[in-house]
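Visitor: Sharing a structure here in structure tokens format.
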Amino acid sequence: MIRVQQAPFDAGEEQRYLLAGRTDIGAVVSFTGLVRDFNERPDVTALSLEHYPGMTEAALGEIVSEAEARWPLQGVCVIHRVGRLAPGDPIVLVVVASAHRRPAFEACDFIMDYLKTRAPFWKKEHSITGDYWVAERESDHRDAGRWESDNDNAS
Amino acid sequence: MTLTHLNQRGEAHMVDVADKPESRREASASGYIRMKPDTLALLSEGGLPKGDVLATARIAGIQAAKRTHELIPLCHALALSKVAVDFRLDEENSRVEVFASCRLNGRTGVEMEALTAVSVACLTLYDMCKAVDKDMEIGAIHLDTKHGGKSGNYQRQAPTSSTPIVTGEGMAGQVSVGARCDIDSACVRVKFLAELRERLGISELSLPLDSLPSADVGGLKAALVKRDARFARLTEGRVLCAVNQVMALDPTPITHDDEVAFFPPVTGG
């Protein structure tokens, strides 16, 4: 399930929903990203997230499909929020279920790495000293590159 | 980030600036006092009972800047090298705008001095005019710019933070999709997203397909640059492109009614 929404989400509720009625799932890994009150500048007071409707959902769908092709997964949930958020607010949720823990851990990590470098979201931070658009990070590209060096790492 | 005027136990203390290097410090601040149009007219004609209002308020502002340390508990006494206070009569909004700037070569910033100058100049304007108008209102006192010092330069942004990021018909945090070509002949719809939209000052436009030197993304860029030099930004640095919401490169072909989006590197998650 893939959702782009302004409203907050409840990670626990989403995980319960993903697992409801299933007894074939042996592992579930959940990642929640939160708004920090510091980033490129201290004193971040809010964050505005913009996206490209249509392309966003398609890009997320492609990332999830690729994860499903690499690991044996039994359920994936990706929720990304847009609009204005405050420090401490949840931004992104990735829940991955599998029969065993390793594919669940790896696929969750993979989805976040690809989401950060391929899904059309843009962050604008509002700080005490003004507003600015967040710059891309070299480390995010390095993280995403880890999955390209050995394509067949499903285990 | 911590509040520098609080020590580790959270008690107020004066920051020791003895070891900070001296540097050129400048700050400017502004505010306004709104009054009845009649009061503003009297003020500009010099017809108020207490005499030359603006000259008095200017001196008051300068004096106040020099004595900021007596008013604000943890401010240092500074040997300001320059204090300027200026006024602008804004008849449209029936108010007097007050501007102050302060400068010194020293170890602490001068924003409190500039803000104090504006505040006291406004209060003096009130005092000078209150005989004819008690409804006057002082407002929007804020720092405009600050230069020098460890925290670097500051430039106040236009107050856009309260407006959500919206382009076209989209909702907050979104960009509208599916806008129609506003040209009769074959055309291409172009969108600019996020920071690129703000830098270019445009969110969408349509272009006749036959204005492109070649029917691909590279041709579209060339046509845009020809139309307006600011689109040269599209060929500088990292600008990404999608045709019909699929990532594209310069040779990617474009046909009638395609949606082409240009955007900066993504930063979600």
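Using N, Cα and C of the backbone, Cβ positions are placed for all residues, glycine too.
Just so you know, TrEMBL annotations are computer predictions that nobody has curated.
Dumping what TrEMBL says about this protein:
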- B:Asp127: active site (ACT_SITE)
- B:Leu74, B:Cys75, B:His76, B:Met112, B:Glu113: substrate binding site (BINDING)
- B:8-27: compositional bias 'Basic and acidic residues' (COMPBIAS)
- B:14-149: domain 'Molybdopterin cofactor biosynthesis C (MoaC)' (DOMAIN)
- B:1-29: region 'Disordered' (REGION)
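Structural setting of the listed features?
Guide: Mapped onto three states, the DSSP output places B:Asp127 (active site) in helix.
B:Leu74 (substrate binding site) falls outside any helix or strand according to DSSP and counts as coil. Around B:Leu74 (substrate binding site), a 10 Å sphere centred on its CB holds 13 further CB atoms from the protein chains shown.
As a summary of secondary structure, the compositional bias 'Basic and acidic residues' (B:8-27) carries 0 helix, 6 strand, 14 coil according to DSSP.
If you take every residue in the domain 'Molybdopterin cofactor biosynthesis C (MoaC)' (B:14-149) and average the pLDDT, you get 88.
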Visitor: Give me the sequence-ordered set of same-chain residues, not including B:Leu74, B:Cys75, B:His76, B:Met112, B:Glu113, with a C-beta within 8 angstroms of the centroid of the substrate site's C-beta atoms.
Guide: B:Thr68, B:His69, B:Ile72, B:Leu78, B:Thr108
Visitor: For the binding-site residues B:Met112, B:Glu113, which Cβ has the most other Cβ atoms within 10 Å, all shown protein chains included?
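Guide: Result of the Cβ crowding comparison: B:Glu113.
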Visitor: Do you know offhand how many angstrom separate B:Met112 (substrate binding site) and B:Asp127 (active site) by C-alpha?
Guide: 22
Visitor: Counting across all protein chains present, how many other Cβ atoms fall within 10 Å of the Cβ of B:His76 (substrate binding site)?
Guide: 16
Visitor: Could you give the maximum C-alpha to C-alpha distance in Å for the residues B:Leu74, B:Cys75, B:His76, B:Met112, B:Glu113 that bind substrate per the record?
Guide: 13
